[in-house]
Amino acid sequence: MRARVSMLVAARQDVAAARGLVRAAHAAAEESRIETRRRYEVIRGAHDTCLAALTDAHETARDEIYDVFHREVVARTGLLGRLASTCAPGPSGAPWPAWRPAATARAGLLRIGTIAVDEDAPVVPALIPLLDRAHLEITRDRDDGVGRHRGPSTADGLVAGLLLRALGGAPAGDLRLWVYDPDRLGGSLAAFAPLAAAGVLTFVGPGGLTAMLDELVEHVRRINETVLAGRYATLAERPGRRPEPWRVAVLLGDAVEPAPPQRAQLDRLVRTGVACGVHLIARDLPLAEHPDVERLHLTGREAFCDTAGVLPVRLDPPPPAEQTAAVCRELAASVTAEPPPARLTDLVPARFWQESSAAALTAPLGVGPDGAPIEVTLGDDPPHALIGGPSGSGKTNLIYAWLGALTTRYSPAELALYLLDFKEGVSFARFAPSPRDPSWLPHVRLAGVNVNDDREFGLALLRHLAEESRARARAAKRYEAGKLAELRAEDPDGHWPRIVAVIDEFQVLLGARDAVTTEAAALLEDLARRGRSQGIHLVLASQDVSGIEALWGRPGLVAQFTLRIALPKARRVLAETNLAADVIPRHHAVINADSGTPSANRIARLPDAGDRRAWQALQERLWHARAAGSPPPRLFDGDAVPTFPDAPPEHGAVLGELIDVRARPALMRMDRAPGRNLAVLGTRGEEAAAVLTSAARSLAASWPGARFSVACPDASLAPLIAPLRAALPAAAFHVGAAVPDLLAAVAEDLSGPHVLFGLALDAVVPSAGTHPRRGPIPPLSAMPAPGGGDPLRTILERGPERQVHVLGWWRSVARLRDALGGLAARFDAIGAWVALDVHGADLAPLTPSPGGPAWFPRPGRALCFDRATDRLPRVIVPYAVGAGS
Ligand SMILES: Nc1ncnc2c1ncn2[C@@H]1O[C@H](COP(=O)(O)OP(=O)(O)OP(=O)(O)O)[C@@H](O)[C@H]1O
């Protein structure tokens, strides 16, 4: 029992202990729970605080990022907008309300709509590439034809906008269009129809696709072969004006797959077209995969394209049809108008005088249809040029252009020019100094203007060139040189420029059957033959068929002129079968370096080189670049009266200016020898007085110690003495009745030096009984002594050997003959004469050539002959020697 009780007690104690433990554990657990709870509360509080802080920070960061993003978007879209207006200037990018055509000649990007990147950001124009950059393929989700029968679909509106922008930005005629529209037969782009009349647009019918593609493929082949010619990869990289128009073929597909041959041609164009400016715009007609293809896909009024990537493009509305048609009409009008002339600056090199003429002279004369300069060469082949064209066709202008191109390339040491214009006018005067413009073209040695009737001047030029040719032949022989290049190499210190002699209206030289024509033709033929290798080149121009025909009669001569230049409507310059000159437009020329055979034709558009101010600016640059001391050209102006030279050359009587290249004075030497008298013949008193006054001035200056007397037996002509009074202030003057006494006194005492000037000496009345015609004829036994007893005749016949000379004016040859003894008189006493209005036949007794010289009197010119020095009479121009000059 006890045991049971103690067991019970023990059990109770254990239970109590256990309870105690449990209670303690419970208390501890409670405590721990409370602690944990407290901690939880702390952590939770901290978490909330963090979360709130994080949320704040997040929101702040997000706001900041958004602000930055927004600013960036605005800035970048603004930049993009500016970039877009640079890439698509003017008509390529302007929105329709502000759109105007303006040729920028810049191919490239064209606007189709806008891209809205951000609501607040500026709108960015959406641009796509076309000319020189891409073909376009336009596809669409479904038929977007809001009006298949009522107006253009979105796709066709897009095409219309692109075409108008491309047309409006290209120079007129530089873009050609083909439109293949089998569905609506051109109706889709009807507003462009005015271009068709000008040949800018071709509507291609449903059966015309093959022909159109073949034609475009052929263009690509030709451009590759002849325009790019292996030197350029694309037309766009070729410098200068665009030589070929862009060609754009618009293919408005009807969802029918083209036939295989058509597809093959399309694929060729896709691969090769862009480099040659041939482009496709294909709607509903898939193009082959190629980097040159820009793809556009339309969904409603939105589009996605390769250039904009994922950004949708809001398409512009189509251009108003009236605006399109008006622009096309204007464009058609300017395309059908005549082409604008090329510019003189197109022919001028960037740096002057860089070329050597040793081998040839090569310079552009105009611009070809492909925009490239048309170069013309004068050298061994072709050596000489023939230019033809009716009056007003532009020969003078062509010569100016040619000279501009030559003289800017070759320095005066390389090129010398002789320029002669036989027609009335002063076309070459601009190359010589004038009171208005002191500059001259430093290459020009001689410029002849208003040469008109002075064919002798042409002859003088040819003689001068013949002399130069002989000098070159001698030098070539010395150095054993066959042609100019060899001579220049052998004689580097020699001065052997190439010579170009231009003779405008040259037919005047060859137009008569006289000695001038005979000599001119012979000289021309000789020069043409030898000049080829000597660097002497002839350029003959004529407006007149007869001019060319004057040459045609001389096959030896014409064969040398292998370079032919024909202006519009020129006759007989080219070969008979060559009709090109009949069809070229104004301001163009056919240039043919093979004697005019049709296969050698090149057509050049000529610049307007006539503009005086443009020319003057060019000439002044050349003039400033001339070598120090280089002389101005000799200007021969057929309408001008030359002034008496400042320094008469040597002892003798100056009678006038010789019509020659150097403008030398005609000089009569006053030797102590029989016959040294001068007779001025004809009725033109003032010119006779001018000749005698020139002689008086020069003798007064060159013959110190000489005595001078002036006789004018006809008192009514006394006013003609005035210039002689000015020239000979110390002379004794005898007028009217005083003359016979003077003559008698001089004849009585023939002691010189004494020069007797006489005006109208035929008016002297010889003393009765002594005049061979008027007086009684004396018996043979009573024949007068030399001089016939007539004082004047005595002086003429006996004076010169005693230095007493007569320089007199007789009004006809017959009257001079009277003075010398009548019908059978000899003219030995007259060693020199100047004929004014006296016909050649009348001068027969005074000249060595039978029948007299070929001389037809003309005002301001005289024929002059000095037996002591001249082989043939020469033409002179009396100097202006009025009392005041
Ligand atoms: N390429 C051109 N571009 C613009 N104008 C031109 C051109 N060629 C000629 N002209 C103009 O045509 C007119 C006639 O030209 P030019 O005097 O050269 O003809 P021409 O054949 O020499 O005539 P003529 O024989 O009657 O003197 C001039 O007014 C000239 O300015």
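Here the Cβ of each residue, glycine as well, is placed from N, Cα and C on the backbone.
Copied over from TrEMBL, here are the features:
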- 371-576: domain 'FtsK' (DOMAIN)
- Gly389, Pro390, Ser391, Gly392, Ser393, Gly394, Lys395, Thr396: ATP binding site (BINDING)
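For the binding-site residues listed here (Gly389, Pro390, Gly392, Gly394), the lowest count of other CB atoms within 10 A around the CB belongs to Gly392. Each residue in the domain 'FtsK' (371-576) has a pLDDT score, and their mean in this model is 89. Around Lys395 (ATP binding site), taking its Cβ as the centre, 24 other Cβ atoms fall within 10 Å, counting all chains.
Ser393 (ATP binding site): 22 other CB atoms within 10 A of its CB, across all protein chains.
For the binding-site residues Ser391, Thr396, the greatest number of Cβ atoms within 10 Å around a candidate Cβ is found at Thr396. Lys395 (ATP binding site) falls within a helical segment according to DSSP. Mapped onto three states, the DSSP output places Pro390 (ATP binding site) in coil.
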